[in-house]
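The feature domain 'Radical SAM core' is assigned by TrEMBL to 91-303. What TrEMBL records for Cys105, Cys109, Cys112 is [4Fe-4S] cluster binding site. Annotation source TrEMBL lists N6-(pyridoxal phosphate)lysine at Lys317.
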Amino acid sequence: MPDGLPPRTLRDADALLAAGLITPAAVYDARAVGARYAIALTQAVARLITAPDDPIARQYLPHPNELISAPDEISDPTADAPFTPVKGVVHRYPDRALLKPLLACPVYCRFCFRREVVGPDGGLLTEAELDTAIAWFAHTPEVREVILTGGDPLMLSPRRLADLLGRLAAIPHIDILRIHSRVPVADPSRVTAALADALTLDKPLYLCVHANHAREFTDAARDSLRRLHGAGVVLLGQSVLLAGVNDSEAALEDLFRAMLAARIKPYYLHQLDLAPGTARFRVPAARGRALLQGLRGRVTGLAWPAYVEEAPGGAGKRPIGPGFPA
Ligand SMILES: *Cc1c(COP(=O)(O)O)cnc(C)c1O
Ligand code: SF4
């Protein structure tokens with residue numbers, strides 16, 4: 001990372017140019033991509049970029065191909081809309097449901113499956129909408145688990161998070177709370193003692209950390225995870241199989257070992273969803289299966305995630321790893 005990076009999140013093409021992350025020749029295209037999809041690189045992430053197309057750069061720097069949609073790509077690949085009983089809630093499986101309190105993230109991933117809706121000024125539920133969503137959980141006894149996602153729920157202030165988690169945990173039939181987040185690796189400075197306190201609950205809280213490359217586990221990221229673990233949070237990992245980022249046996253092994261070293265149990269390896277403009281990241285499922293097969297036996301069983309894809313038409317997650325039908 002060149003010197004002189006301003007101490008803040010980079011949010012547009014001109015900021016990327018000023019930081020030396022893109023060339024003057026790339027600014028015009030990057031502005032066009034930025035007009036369509038949100039851009040953000042925290043300092044923590046920008047600092048990790050050493051070459052224009054390295055595994056960190058690929059995840060976050062805008063690329064002109066994002067404006068080209070392949071015929072099989074769709075704007076709502078996980079088909080959340082038909083499973084939304086009230087705003088912000090997605091109830092697809094009987095015993096668990098998603099709650100999306102906001103749609104902002106610390107960084108914006110170029111392959112994001114919710115890229116048509118995530119962004120810095122989008123999707124914060126109003127107090128009334130949040131009350132309605134919490135009331136839906138309170139009145140839906142078959143749901144035993146709330147999964148906070150978005151966007152990234154750890155973008156909420158510790159005070160708001162503590163309030164939200166406390167209200168959800170107070171519902172008698174809710175046994176488990178889960179949060180999906182990229183904050184511990186993408187913006188570890190947000191994991192303060194106040195945030196860790198907000199995540200300390202009487203009921204178990206599972207935090208599923210999204211990371212795709214071993215290099216994302218910096219000292220700061222590992223410290224943030226140690227703090228969360230110390231607060232009693234159970235740490236899981238989820239990754240997306242991405243061409244040019246982690247589509248080799250060595251990259252996956254390094255990633256899963258880095259997770260385990262940071263007290264994270266790899267949970268899911270996702271086949272990339274068919275979000276618009278993401279073709280350059282696609283890896284065939286047969287290749288993914290072969291990569292995982294290659295780790296089998298050689299690498300600790302703790303490292304093994306379930307390899308899953310989102311079945312078309314909202315049918316939900318389907319295991320596609322070794323041993324499952326292709
Ligand atoms: C992925 C997902 C979940 C969580 O599924 P698990 O297999 O329990 O991790 C819940 N609801 C929706 C809509 C999902 O897409
Ligand atoms: S952190 Fe998750 S929701 Fe946010 S842009 Fe990345 S993949 Fe999308």
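Any Cβ shown, glycine's included, is placed from N, Cα and C.
Just so you know, TrEMBL annotations are computer predictions that nobody has curated.
Values in this document were obtained by computation on a predicted structure and should not be read as measured data.
Per-residue confidence over the domain 'Radical SAM core' (91-303) averages 97 (mean pLDDT, predicted model). Recorded residues Cys109 ([4Fe-4S] cluster binding site) and the residue listed as 'N6-(pyridoxal phosphate)lysine' have their alpha carbons 21 Å apart, per Cα-Cα distance. Rounded to the nearest whole angstrom, the C-alpha distance between Cys112 ([4Fe-4S] cluster binding site) and Lys317 (N6-(pyridoxal phosphate)lysine) is 17. In this view, Cys112 ([4Fe-4S] cluster binding site) is surrounded by 19 other Cβ atoms within 10 Å of its Cβ, with every protein chain counted.
Rounded to a whole number, the distance between the Cα atoms of Lys317 (N6-(pyridoxal phosphate)lysine) and Cys105 ([4Fe-4S] cluster binding site) is 23 Å.
Taken residue by residue with DSSP, Cys109 ([4Fe-4S] cluster binding site) is part of neither helix nor strand, so it is coil. Checking the recorded positions Cys109, Cys112, Lys317 for a CB within less than 6 Å of any atom of ligand 2 leaves Cys109, Cys112, listed in sequence order. In the three-state DSSP scheme, the residue listed as 'N6-(pyridoxal phosphate)lysine' is classed as strand. The Cβ of Cys105 ([4Fe-4S] cluster binding site) has 25 neighbouring Cβ atoms from other residues within 10 Å, across all protein chains displayed. Cβ packing within 10 Å was compared across the recorded positions Cys109, Lys317, and the lowest neighbour count falls to Lys317. Cβ atoms within 8 Å of the centroid of the Cβ atoms of Cys105, Cys109, Cys112 (the [4Fe-4S] cluster site) belong to the same-chain residues Val107, Tyr108, Arg110, Phe111, Arg114, Arg115, Val118, Arg182, site residues excluded.
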